[in-house]
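First comes the structure, then the notes that go with it.
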Amino acid sequence: MVTDGLMLPYRTCLMEFLENATELSTINDAIDLLSTVSCVRFTRRTSELHYLVITNKLGTECWADTGRQRRGPTYMNLPKRCTKRVGTVLHELLHVLGFLHQHTRPDRDQYLCVLYEHVRPHPIALYHYEIVRPWTEQAFPLPYDFASIMHYTPEMYSVAPGRLPTMVPRHPWSMVAIGHQARLTEYDVLAIQFLYCL
């Protein structure tokens, strides 16, 4: 039993990561950064029943299971293009830790307007803009964080990226960089610490 944080066993699944030092280095950098700002620690898997499997299936998207799975491993898929930025790996690792997208909060519409006419008319694209209830209740008291590592950019799933944003802030004062930054924000760190370290 771990009393001073979360120990998360993991293993990389495919040899491509072992052959490509750059990809593995990006993953390790993200893991190290999480360990630096929180009590979350990743360890190599030995015989644990619940663990993280990191795959890199070609021709697929970046994705991760949200939170620990009831039976067996939790999966995180990082094809090569998903390991170019530490921020992308951090985003997926936070899904593994149970965090949802910032722009799916129940109070999202107070801060952000989703322009559905600019979202690709595909079920997967539309799904990523649905409000989630219940949300990560423990993190909900934190202010809305436009710059969160867990917030999509305004171009995500746009019918015309760079020209037609899928979301805009409701208030002019919140014209800040929106989403998927290369680093964790102060509120991202507070949420991790609140859920795992207090």
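Backbone N, Cα and C atoms are what each Cβ position is placed from, and that goes for glycine too.
Annotated features in TrEMBL:
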- E92: active site (ACT_SITE)
- H91, H95, H101: Zn(2+) binding site (BINDING)
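For the Zn(2+) site, the Cβ centre of H91, H95, H101 serves as reference, and the other residues of the chain with Cβ at most 8 Å from it are A64, E92, L94, F99, L100, I149, M150. If you take the Cα of H101 (Zn(2+) binding site) and the Cα of E92 (active site), they are about 10 angstrom apart, rounded to a whole number. Same-chain residues at least 6 positions away in sequence with a Cβ under 8 Å from that of E92 (active site) are, in sequence order, C62, W63, A64, M76, L78, C82. Cβ contacts within 10 Å of H95 (Zn(2+) binding site), excluding its own Cβ and spanning all protein chains shown: 19. Of the listed binding-site residues, namely H91, H101, the sparsest CB environment within 10 A is found at H101.
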